[in-house]
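Colleague: Okay, handing you the structure first.
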């Protein structure tokens, strides 16, 4: 889920919003402003209902953000790099660049969200009681609603079914008990699919029985949960298949590159790769990679600036591009492939790197922090989703250790 626009950063984490948030915001504003508030306080003005309903919508988004920020803060504290947070129609998503390193870390990261929502629910319940005591009027209704919403967020996310936080907690527990993360993922994924389809069935039955359109919302949430759980199970099977395969065997070697001093107009000319590639590595005069220019960024440049701007001025700098060492395990690379610019990972060999596992000198997993490095960097290749898919097909058709047929087949 890509953000439609960015809100900025909180504690160093990028915050984005998908356009579908407007739908849930409108549902909340209309539900409170046109129905609940007028029914509870019929003697107030339409303007007061509208303002309070808008406040409720903002508070709802703030509660989602607090829930996701809790995940992000704990993840970063446990050494799991966070790409961003995106708020959308059915809630929020914290995207990380790597998986939790152990069951304990997984448990802490997953539990932080529901714990935060629960704490907010308790806090605003106390605030509601105080407002009732001083007869604060319609604002009581909004604060009480906000408290209930946070309790519901905590409760729903605690269900032991992937991809909910409860599913992550279940996976952490199963992982700790068995020591087998893929198996734990498969079990939590199965639980998520069952739970999701139960929600779909309950929503459809409730709609047919009562005619309430709110029941269809429950069915929609269930459909999303079931689909996301199924996808998570598929991804776990893919990671298991790719375990032990080095990035070198999957990458596209010697990819097309573009010089840093090339103009945007020159890159978009008929004789240049230009828009034929979703993304192209940018190299310095000595051939060292310094960034990635994406099709999206090229299209954003006004025509009148094509001859004035160079590729280096519009590229994604290397400290924001996913990179990998050639011998890194491909399964470890998958979680970092999705959030990258145009879903590409540059395969770089560094003269000063000797551990061969894709880690930087300070032990961090393949993530660049812009710090100076010893030795020269050389671009060996690039990894894209099509490269991953090709490797998956190869391993599926010819599993390692499978017997091969030679001769004339007799």
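Glycine residues also receive a Cβ, built from the backbone N, Cα and C atoms like all the rest.
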Colleague: Choose the correct range: of 181-197, 198-214, 215-231, 232-248, which one does TrEMBL annotate as transmembrane segment? Give that range.
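Modeller: Matching range for transmembrane segment: 215-231.
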Colleague: Labelled transmembrane segment by TrEMBL, one stretch among 73-95, 142-164. Can you tell me which?
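Modeller: Spelled out, TrEMBL records transmembrane segment over residues 142-164, not the other listed ranges.
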Colleague: Which range, 46-67, 266-287, does TrEMBL list as transmembrane segment?
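Modeller: From TrEMBL, the annotated transmembrane segment range turns out to be 46-67.
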Colleague: The Zn(2+) site in TrEMBL lists 67, 71. Which one of 135, 165, 180 belongs there according to the record?
Modeller: 165
Colleague: Among the recorded stretches 12-34, 46-67, 215-231, which has the greatest number of Cβ pairs closer than 8 Å to the transmembrane segment (142-164)?
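Modeller: The stretch with the most contacts is 46-67.
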Colleague: What whole-number Å value do you get for the CA-CA distance of residue 165 (Zn(2+) binding site) and residue 68 (active site)?
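Modeller: The Cα atom of residue 165 (Zn(2+) binding site) is 11 Å away from the Cα atom of residue 68 (active site).
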Colleague: Tell me the residue counts in helix, strand and coil for the domain 'CBS' (251-309), as DSSP assigns them.
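Modeller: Across the domain 'CBS' (251-309), the residues distribute as 16 helix, 16 strand, 27 coil.
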